[in-house]
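K.L.:
This is the structure I want to talk about, given as structure tokens.
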Amino acid sequence: MESLTLQPIKKVNGEVNLPGSKSVSNRALLLAALAKGTTRLTNLLDSDDIRHMLNALTKLGVHYELSADKTVCVVEGLGRPFTATEAQELFLGNAGTAMRPLAAALCLGKGEFVLTGEPRMKERPIGHLVDALREAGAQIEYLENENYPPLKINATGLQAGTVNIDGSISSQFLTAFLMAAPLAQGEVKIHIVGELVSKPYIDITLHIMKQFGVDVVNNAYQEFIIPAGQSYVSPGQFLVEGDASSASYFLAAAAIKGGEIKVTGIGKNSIQGDIHFADALEKMGAEIEWGEDYVISRVGRLKGIDMDYNHIPDAAMTIATTALFAQGTTAIRNVYNWRVKETDRLSAMATELRKVGAEVEEGEDYLIVNPPQQLTHAAIDTYDDHRIAMCFSLVALSDTPVTINDPKCTSKTFPDYFDKLASLSELA
């Protein structure tokens, strides 16, 4: 297996223009495909998850042109749901942002579809979404294990009416149903069962739907009403915001070993909840400055904090490695959904943090981290999880090197991450 050893970094300084957001890129691609008219998407993320979505759209008869650097995509919208005259199998890798929304969108049209992916995808639950789609009349069967992909869909359209969605595991199930709902056969009401996790990701979905001409009534995240007779219409141009989760590594690096780092492509008006990572860093002692389309982080004396991170689960992982540089104990709470991401992130983070010397308590939905006096050089296993690889790069901001196994797994969201980090780093 390939590995990369990062030597100790004395200081970080500079500016990073963020790659496009994965969450925004795949939502916008899907809506552009369903919309009437042509959409020009700019700052699209070039990564595995986006490629899986684009490959699926090609198989579904969508025409698009991708620029040489793959960050501009012109999509000719179908102006209707997807149809297939012969059975189509779509391989979606480990891309939850493609699997869940496509599972819902494919129920709208006509045809037979099989959705499958990598072995890890077959361990990521989808039952709550399938239950809701079945309530709306969808014909879906599990081809291997109950509640998990691969799925076989016999599409005949989605009925109007009320459906129930369990919101306690992942907000992607609700996102998927919301995006399909305007093309159902009438008004749709979605009732949320349990406490909805990761609400800011729902805000992203609603914001993008609005840009494509669809209004949704949001009753305090307990009920969503999608009035009948709406359809998606291209906004013409669509700018994909920088990935706020990806910003977290650079903002944290500056807080630990700045100088200062300016991150561009997101700002105080960002639609992504993960920009609130900067607020958590500020609470820990970093100096943060907000602009319209940038955030600056400067070094501070960091102290451990005890916080609920349900609203920013992806960026919260970065807090776990930032905690290695803070005085005292850091508690990351209410992040059960780490367990159903690219890997079981609670277990993985606890295991790898202990390797570098931290004392860690892993609970069902929390992590408590006590930093060591001195970090230990370790080979970090990344579990084919892009965020674990990027989080643990921060260990090099000490006087200890760190080895990252399978560093190319960052291609899921940030293919040139390690090059970017190196360009901002002054080695010890």
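Cβ coordinates come from backbone N, Cα and C, glycine included.
Per Swiss-Prot, active site, proton acceptor is recorded for Asp314, and the stated evidence type is sequence analysis. Look at Swiss-Prot and you will find Lys22, Gly96, Arg124, Gln172, Arg345, Arg387, Lys412 tagged as phosphoenolpyruvate binding site. For Lys22, Ser23, Arg27, Ser170, Ser171, Gln172, Ser198, Asp314, Asn337, Lys341, the entry in Swiss-Prot reads 3-phosphoshikimate binding site.
Context for these features, please: burial, neighbours, distances.
P.N.:
Remark: Asp314 (active site, proton acceptor) has Ser245, Ser248, Asp274, Lys341, Arg387 as non-local neighbours, by Cβ distance under 8 Å and separation of at least 6 in sequence.
In sequence order, Met317, Val335, Trp338, Arg339, Asp385, Arg387, Ile388 are the residues near Arg345 (phosphoenolpyruvate binding site), counting only same-chain partners six or more apart with C-beta under 8 A. In the three-state DSSP reading, Arg345 (phosphoenolpyruvate binding site) counts as helix.
Mapped onto three states, the DSSP output places Gln172 (phosphoenolpyruvate binding site) in helix. Neighbour count (other Cβ atoms within 10 Å of the Cβ, all protein chains): 25 for Gln172 (phosphoenolpyruvate binding site).
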K.L.:
Determine which residues of this chain, when Lys22, Gly96, Arg124, Gln172, Arg345, Arg387, Lys412 are set aside, have a Cβ within 8 Å of the centroid of the phosphoenolpyruvate site's Cβ atoms, and list them as they appear in the sequence.
P.N.:
Asp49, Asn94, Ala95, Thr97, Asp314, Lys341, Glu342, Asp385
K.L.:
Inside 10 Å of the Cβ of Asn337 (3-phosphoshikimate binding site), count up the other Cβ atoms and send me the figure.
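P.N.:
For Asn337 (3-phosphoshikimate binding site), the count of other Cβ atoms within 10 Å is 20.
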K.L.:
Please work out the number of neighbouring Cβ atoms within 10 Å of the Cβ of Lys412 (phosphoenolpyruvate binding site), leaving out its own Cβ.
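P.N.:
The Cβ of Lys412 (phosphoenolpyruvate binding site) has 23 Cβ neighbours within 10 Å.
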K.L.:
In the structure shown, which of the binding-site residues Arg27, Arg124, Arg387 has the fewest Cβ neighbours within 10 Å?
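P.N.:
Looking at the binding-site residues Arg27, Arg124, Arg387, the Cβ with the fewest others within 10 Å is that of Arg124.
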